[in-house]
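Okay, so here's the structure we're looking at.
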Amino acid sequence: MSGEPGQTSVAPPPEEVEPGSGVRIVVEYCEPCGFEATYLELASAVKEQYPGIEIESRLGGTGAFEIEINGQLVFSKLENGGFPYEKDLIEAIRRASNGETLEKITNSRPPCVIL
């Protein structure tokens, strides 16, 4: 510091760093299967919780709904047969933003409900 008034710079407090910033999500889904609505619903819930997060969508193969966080596959509909619960994805994002180890989401909700 030079001692002159107005010459100091202060980093923003940690709580001002936008939650989820630095976390990148890629969702690959089957558009002909009608999974776009599920992607949009999930992306909206994630953005509500983590406004600074980067979410990218890609068209995938038949039956696909795959989610990567920072390049790591954390959910696969092809493996689980259903869709992830929002709370499980939000928890995985929280872990990623804190630098914690990510685990695969194995809990899933059924792809459809017959009334």
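Cβ from N, Cα, C; glycine included.
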From Cys30, Cys112, partner that Swiss-Prot gives for the disulfide involving Cys33: Cys30
So Cys30 (disulfide bond), by the Cβ count within 10 Å over all chains shown, scores 19
